[in-house]
């Protein structure tokens, strides 16, 4: 059926009193009850303590549909576990630690997430971006230059690789432990929203820049060089082949090709973090916590939306925090989730966290039994694996073209994030990128769209007059698309003057000039009158002393007869204060009857915002224009109350719930009996289709 056949016009009739803020409070029976901060804290603590008394595993595992999900999770877990093997060892190179520690990082954290995580489809474990960030910390705090030992020759030195690697493992584990603590604390205080500061363009550009760092860091293994360092299908078969060739040809001895090296069987005992190093890595740990969580929750929400379930953002913080903090005790480095592994987990039939647990068991078998088979694997092969896994990230350069068409500000954020992260190391690049992204938000609030609204005939709908050209005579409705606060308050006033055509500042200035001019003329006229009065008095006295003539007028004879010759009346000049002045051509305009400020987009008011509204109301009032406010949210009204906006003369009667209420109030001459009546108003509704 065509769309027009599914639609029908539904007329309706509304009749009610025009309501200001006080009227709404009375009709709605507003309650003044508020929950105290102490009660809120008590409820939060009680809820969190109950929540922490169990784990998500205890909720879903007893109801696990074994018959439907077991086979898919088994196949998926084995497939992902096989992927963990090369990726774990390869990403360990990025973290500047021996490859075996990548296998540890693919085991312990996955088991912890299996117990505490809420996403059914993401594959947590080693991740290129996190590994690069770890590597920047380990190489900064344990550079090669600190482990040079004298050689046999007088001027020769050699690198103590064993001591260096041991120190770097300790640094990686400690920063991982600290990042886990940060994630755990953020989750306990329900700060899951912190990831909102990582927009999608920022995250995609950051991962692209991190991929560039990864590529550069792997060139040494690809070309078999050792420069100074500064702060798919059939893939398993190709690994196997490279290992066999390296072992049979003895490339390590013949050509000096670096190989993975010793992979000890078994698991390591937990080790306490190096407390002395914590102070030097706080910023790095926090960056790891935010980036790891941001990537995991973004991917988790994508799968949750696709498969219709919910991911708890705060619980994800707790799960990742426990995975990293406990993993750090077992010499693991920070983990997040991988898109490539997650896609394999989903495509091979994985339907729950059980697939992740099975992949961890695959790694356990490798660590216990067959790890030594991969000791002769060339590191160049691991570098090639990394290059292949970075294909998706490098394809993100296509975002620039799409963002140019859709949102140029987001494109600028993408490009600047890439540049900043490439120029600086990943942690500093992240901080600079977030700061730049926030600046773009501030910049956009400083340049909102201002407009004068007009009424669509026969409705209570108001649209910009530049689009619909339906002005309301004598009433100006001013609308801003952004909130009002200290950064754009001055621009708000300037736009108001421009759009309404009434520059109150100039108007009041001209009014003061006129008043001063009038006072000067009054003073001058009074001074002149006083001078003339003295002159007349002298003339009168002089006339009284002169001899009387017979032809003296009647009034003079009467005055003389009464002996009151010194009592004379002096006539004051007329209309001393009525000074006529011409209009100022810069301010000569027709003032509107009222101005209505639509504050519906304003979600908060700071002290500057309250002061701005107070000055607007006062200045326009002095110019003879009444100002009303509409669409005020509760927080805005409370800010106005706390900012002493209201008093005995200025009450909440100037606040209205909607633009239409304010307009009707102005049009009916402020009558208290105004009725909100709208006849035969129509909506378009989609009818139900069976």
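Placement of Cβ uses the backbone N, Cα and C atoms for every residue, glycine included.
The compositional bias 'Basic residues' annotation in TrEMBL covers 525-537.
Per TrEMBL, compositional bias 'Basic and acidic residues' is recorded for 538-551.
The compositional bias 'Acidic residues' annotation in TrEMBL covers 552-561.
Per-residue confidence over the domain 'STAS' (465-666) averages out at a pLDDT of 77. As annotated by TrEMBL, domain 'STAS' applies to 465-666.
The region 'Disordered' annotation in TrEMBL covers 525-567.
The transmembrane segment annotation in TrEMBL covers 44-61 (among others).
Residues or ranges marked as transmembrane segment by TrEMBL: 89-116 (among others).
Beyond the ends of the transmembrane segment (171-193), by six or more residues, the same chain brings 44, 48, 95-97, 101, 134, 137-138, 141-142, 271, 273-274, 277-278, 281-282, 284-286, 288-289, 292-293, 297, 313-318, 320-334 to within a C-beta distance below 8 angstroms of the stretch. According to TrEMBL, the feature transmembrane segment maps to 171-193 (among others).
Per TrEMBL, transmembrane segment is recorded for 205-223 (among others).
If you look up TrEMBL, you'll see 230-249 (among others) marked as transmembrane segment.
The transmembrane segment feature in TrEMBL is assigned to 285-305 (among others).
When Cβ-Cβ distances below 8 Å are used as the criterion, the transmembrane segment (317-341) is approached by residues 80, 83-84, 87, 92, 95, 97, 101-102, 104-105, 108-110, 112-113, 116-118, 122-127, 129-131, 133-134, 169, 172-188, 191-192, 267-268, 270-273, 288-289, 291-293, 295-296, 299-300, 389, 392 of the same chain, each at least six residues removed from its ends. Residues annotated as transmembrane segment in TrEMBL: 317-341 (among others).
Residues annotated as transmembrane segment in TrEMBL: 353-370 (among others). Residues 57, 60, 64, 69-70, 72-74, 76-78, 80-82, 84-85, 88, 103-104, 106-107, 110-111, 113-114, 117, 119-120, 123-125, 263, 265-267, 345 of the same chain lie 6 or more positions beyond the ends of the transmembrane segment (353-370) yet place their CB under 8 Å from a CB of it.
Counting only same-chain residues 6+ beyond the ends of the transmembrane segment (414-443), those with a CB under 8 A from a CB of the stretch are 129, 132-133, 136-137, 197-199, 201-202, 204-206, 208-210, 212-213, 231, 283-284, 287-288, 290-291, 399-400, 403, 487. Per TrEMBL, transmembrane segment is recorded for 414-443 (among others).
Summarised by DSSP class, the composition of the compositional bias 'Basic residues' (525-537) is 13 helix, 0 strand, 0 coil.
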